[in-house]
Amino acid sequence: MTGDGNGAKCNPETHQLNPQDDAHVQFTDTCNADVGSTSASRCGRRLPVITANTAATVLAVIIAWTLLYVNVSPELMAVPGGSLASIFMLYVTGTVAGQLITKVGGLPPLLGMMLAGIALRNSGLYNVTGWCFQLVSTMREAALTVILIKGGLELNAGQLRRLSGVVARLTVLPCVAEAVAAGVAAHFILPDFSLVWGLTLGFTLSAVSPAVLVPSLFRLKRLGYGEVKGINTLLIAASSLDDAVSISAFGILLGVLFSTGSLTSKIIQGPIDVSIGTVMGLIWGCVLIFVPPSPWSVMYSKRESNCQNTKKSEMENSVTAKRSFLLGTGGFLAVTGSQWCGYPGAGPLACIVSAFVAGTGWRKQSAQHKQNNSVISAEGVDGGGEDIENDELPVVQVFEHAWTGLQPVLFAFIGTDLKFELLKRGDIFLELLVLAFGLIIRLIITTCSVIGTGFSRKEVLFINIAWLPKATVQAALAPVALDIARNLGTSEDVECATRLVTIAVVSILLTAPIGAFGIQLFGPRLLPKSS
């Protein structure tokens, strides 16, 4: 058999390659060897980087521990039993556990963080008392503020205007149905659980978790699944609105629970909280649109633009820092100040509204800047060609980094609220029944919400799986209810809030891994792949 001019020419009698073909084989082997040596050199270069990063992390932990040990009283840094030592160990172990469970098991890091908190609490290594207890509460409120701001910034006014009926139904109906079902079930099943506390529990449980849902959907999107009918976009848009509905209703119900006065005053507490929160959010959001001024408020000529690119970049970074600081501190003041004023439901709503209004104004400024650049470019002047409108706002990136640092605060610390003795009570089965009943109603209403919209049965099944996981909102809201009950409520309120936290933790431990694995496992099987 004889090959073509570029192939290997073999003598049919001797089965030997010609000399020119032998040279070709040697060249191929050399190329393969070069590729192998390149891969080996990359691995060789990567190993020192990993080692250096690990060493830097270990050194940072050692230095931080030493600074605390040197500068605070020994009682606070005693192991075990020291309050600051407990907080420090919980944060570090929660961060490490989150990274390990992601790399080893492919699960969301929040599960590792929660398990670290549960382990430290029930092993006696976590014990926080005195002013450190208030410190933990403040850290949780800061994490909640970041979640609220992220949710408000991610709401796009243009997308909201273009929402179809299916997105609106998928946002409101399953959320409200699960909240009402779980609330009514808790009222009749759990002992001494009022209807208002039941609805508070229901709206705590009813929110879907973007921390589990969004990364899993992006992974499917990169593989080409879920893009044919836009299921990924549908679920991501609906999840943000779903969280906003749950958080707003939760805040209103807290205002009703802890308001003082007659029954009439408690009834009107909800509308008052909504009004105050909306007005505060609108005013503060409008202020932030213009203060600080936009980095593109002054138009540069071509010569100035070429000479001052570095100065423009520094100005944009400065404006981003000021916007982030004002939005973050204003939101934190709204969350904490509303509790101090006796309107705890107004703060979270004001936080979301202000972030949404400010983000919408900043996007319009970016779009106007892009339009002006296009006009200037058409006239022959270099306007920079920045595609800012299609990119995320720089402020969003700031709060993404803040959320990365505050994740252990939220999930590891809520793990410490779950004590094994609480699970030994016979009530745990009743609590699981409440959780299961709410989820069943959610699945039924979710199916009804998307029937007749053009989705196949497999796609409807996937939407139900994706609408299961709970984590972020539950970990943020449940401790807030407990802290407010301790400060403003009665012993019965504290008992109800403790039960609410327990159910929230159990819901995260059960639904987050099921949802994450379900999306990864059934996504390629249930969704069509785009060509």
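Each residue's number is its place along the chain shown, starting with 1.
Each Cβ is built from the backbone N, Cα and C atoms, and glycine gets one as well.
What TrEMBL records for 47-70 (among others) is transmembrane segment. With a threshold of 8 Å between CB atoms, the same-chain residues lying at least 6 positions outside the transmembrane segment (47-70) that come near it are 76-77, 84-85, 88, 92.
Annotation source TrEMBL lists transmembrane segment at 76-97 (among others).
For 96-291, the entry in TrEMBL reads domain 'Cation/H+ exchanger transmembrane'.
Marked as transmembrane segment by TrEMBL: 170-190 (among others).
Outside the transmembrane segment (196-218), and at least 6 residues removed from its termini, the chain residues within Cβ reach (under 8 Å) are 108, 110, 174-176, 178-187, 190, 226, 232, 235-236, 239-240, 242-243, 245-247, 249-250, 253-254, 256-257, 434-435, 438, 442, 466-474, 477-478, 481, 493, 496, 500, 503-504, 507-508, 512, 515-516, 519-520, 523. Annotated transmembrane segment per TrEMBL: 196-218 (among others), in sequence order.
The transmembrane segment feature in TrEMBL is assigned to 230-254 (among others).
Per TrEMBL, transmembrane segment is recorded for 274-293 (among others).
Residues of the same chain lying 6 or more positions beyond the ends of the transmembrane segment (428-452) and with a Cβ under 8 Å from any Cβ of it are 166, 169-170, 173-174, 177-179, 181-182, 185-186, 189-190, 201-202, 205-206, 422, 460, 463-464, 467-468, 499, 502-503, 506-507, 510-511. The transmembrane segment annotation in TrEMBL covers 428-452 (among others).
Annotation source TrEMBL lists transmembrane segment at 500-522 (among others).
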